[in-house]
Amino acid sequence: MTAVAIPAVRDYLTDLQGRIVAALEQAGGEAFRTDAWQRAEGGGGVSRLLEGGQLFERAGVLFSHVKGTRLPPSASAHRPELAGRGWEAMGVSMVLHPRNPYVPTTHMNVRMFVAAARPGHAESDVFWFGGGLDLTPYYPFEDDARHFHRACRDALDPHGADYYPRYKQWCDEYFFLKHRNETRGIGGIFFDDLNDPGFDASFALTRSVGDSFLPAYLPIVQARRDMPYGERERDFQAYRRGRYVEFNLVFDRGTLFGLQSGGRTESILLSMPPLAQWRYDWQPQAGTPEAALAEFLRPREWV
């Protein structure tokens, strides 16, 4: 496989979505809704979602394969030579917002983008892969952070020992709220614009990232899901979820691309938490579990 094999990527992504949803349904004992949709400009997708669950207060596992005739500005900003080309984008993107504040929120995304060669021009299709997974705890545990990062490292090491440290640093830098001077969570891995190893190797690495999600996250869910909590923890969870909203609406490239490309708003904003709150200049009391989170919201080596 040397050309851009769009059907193979699509088959992998739809299978990944199905496997993840099946595992989450088994863990939570609640069924996800299925919402298939079409995009007038080209393409469509399938959204699998759950709202008001006992384990997951809001969860979305989304597949999309969309097309357009001209690259939107967010996609061509780093590649101005591709401006004006037709394009295809496909991926699986997911965000899970658990109900129990001791279970962390998580995000995972794997995707491929293709800028098509223009008829009559001496050029070829240009592809690149991207993705990653990251963890956003409210009441963090070092064991959870180390487990999550070990799973990320183990996914990437077969493709080269330099990938994990590079993509870990990229994640720390990407999921950073500049106006708050803090990371969104404890990181994970993040990559974009991957095509230099060639199509086969780039696709293989992306599959490893997607396949690593369940072993990275589900053991943490099982370890924390039955921890008792009360109004104090739920209140702090809602406050910290506000940071998630701030990042997604101000900095996230995927959100910006979706909105600029005329994407499906319901799918794009499914990453938002169901409840969030803001307070003016609130600071947790020193020595409390809430104050301990600040020590985790800065880049550090976990493995």
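Glycine is no exception: its Cβ is also placed from the backbone N, Cα and C atoms.
For the ranges 100-135, 244-279, the feature annotated in Swiss-Prot as region 'Important for dimerization' maps to 244-279. Counting other Cβ atoms within 10 Å of each Cβ, the binding-site residues Gly262, Gly263 show the lowest value at Gly262. Looking only at the binding-site residues Ser93, His149, Gly262, Arg264, the one with its C-alpha closest to His107 (active site, proton donor) is Ser93. Arg264 (substrate binding site) has a Cβ environment of 19 other Cβ atoms inside 10 Å. Gly263 (substrate binding site) sits 22 Å from His97 (divalent metal cation binding site), taking the C-alpha atoms as the reference points.
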